[in-house]
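Residues or ranges marked as transmembrane segment by TrEMBL: 15-34, 46-63, 69-87, 107-127, 139-159, 207-225, 245-266, 278-297, 321-348, 355-373, 379-400.
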Amino acid sequence: MQTVITNLNNTDFHGSGYTSMSIIYGVFSASNLISPSVVAIVGPQFSMVVSGIFYSLYIAVFIQPTTWAFYTASVFIGIAAAVLWTAQGNCLTVNSDENTIGRNSGVFWALLQFSLFFGNLYIYFAWQGKTHISESDRRTVFIALTVISLVGTVLFFLIRKQEDTKAPGDEDSANEILGESSSARNTMMRAVDAFKNSITLSFTKKMMLLSVTTGYTGLVLTFFSGVYGTCIGAVNRFGNEEKSLIGLSGIFIGVGEILGGGTFGLLSKNSRFGRNPVVMLGILVHFIAFYLIFFNMPNDAPIAPMEGTDQVAYMIPSKEVAMLCSFLLGLGDSCFNTQLLSILGFLYSEDSAPAFAIFKFVQSICAAVAYFYSNYFLLQWQLLIMVIVGFFGTITFFMVEWEAAAALAARGSEYSSI
C-alpha cells in the first residue's frame, strides 16, 4: 500500500501508508480493551459481519482515494479489527472441542496466510516490468479486493451459531419473557467481567513476561508486512522488476508462514520437547534474515522518495537474497505466533478471551509504534530494535515455558502432552 501511495503523492492525495497503519494499530490496541465486551453483547457472528463491512470500506477508499477518507477509514478499521479478531477467536472456540481446537486453529492460521500467497501472486504478474503504478492498475486491484472482501463478509452469515446444535424445545416457553430479561442481565455481566478480567490478567507475572515476546511479534509484523516490501520496491538496482518483486516477496513470506503454521501448528501433538525449541528456531531464523537484509538492502530504502534509491549496502542488491529473507521472515514469524497461541491456550484454557485480547493489545501497540518510527528511522536502526527486543522476548518466553513445564511435572503429567 505504501508503494501505491508513493505513486499517488504527486496528486491531491497526501496520505502515508505508514501513518495509516500506525493509526490502525494504535486504535486497534485501545479497542482490544473493549472488544470482548462488544462480542459478549452482540454475539460473534454479528460482530464479524459488521467488522467485515468496515474492512471492505477501507479497501474501497483506494478506488478513488482522498486523504481525509483514508485516515478516517484507518480509525474505523482499527476498531473493526479488534472486534473481528476477538469474535473469530470466540467463534473458533465455541465450534471446537479439546480434540479439534488444535486442528481448527492450524487450518485457520494456514487459510489466513494463504491470503499473502494469492494476493501477491496477482500483484507479481499484473505489475511485472512496471516502474509506475497507473490509476487503471490501482483501480483494477482495489475493485477486485473490495468485491472479494464483501463476498467474504456475506459468508459470515453461513457460519453456524452455537444454538444451532441445541435440540428443539430445550427452552421453557412459559418462562420465555423472564428468560429474556435474565439473559440480557447476564450478557451485560459477561461484558463487564470480560473487561475486568482483561485488566487484572494484564498485570500478572506470566502475562507481563509473554508481553515482551508478543511485542516482538508486533515489531516483526510491521517490518515484513509494510517496511520490507517498501524497501524492495525502492531499490532501483532491481530494474524494471522492483514493483513486481514486492508481490513475489509477499508470496515467499506466505510460503514461510504456511510451512511453519502447518509444521508447528498441525503437528504440535508429536512434539516431545515443548515449545522452546520452536521459538529458538524462530529467533535464529530471524537473526539470519536481519543479517542478510542489513548486507543486501540500502540503508535509506524504507524512507526513499518516489524515485527510489541508488545506494548500495555492503553487497550489490540481490533479488535471490531478498526473496530468501522474505521466506525466513515468514517462517520465523510462524514459529513465534503458533507457540504464543499454544501457550496462551494452555495457560488460560478456562477463560481464554481476555488472554487473547491482551495478546492482540500488546502486539498492535508495538506494531503501531513501529509503523510510526518507520517514517523516520534508517533500515539499520529498525533491524537493531528488532534484534534487541527479539533476544529478550525469547528469554521471557523460555521462562514462562519452563514454569509451565515445572507445574506439569509437579502434577505428574507428561511434558510432551502440552
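Note: Cβ is positioned from N, Cα and C throughout, glycine not excepted.
Ranked by the number of CB pairs under 8 Å to the transmembrane segment (355-373), the listed stretches 46-63, 69-87, 379-400 are led by 69-87.
Of the candidate ranges 15-34, 46-63, 107-127, 278-297, 278-297 contributes the most Cβ pairs within a distance under 8 Å of the transmembrane segment (379-400). By the Cβ criterion (distance under 8 Å, sequence gap of 6 or more), the transmembrane segment (69-87) is counted as touching the transmembrane segment (15-34), at least 3 such pairs being found.
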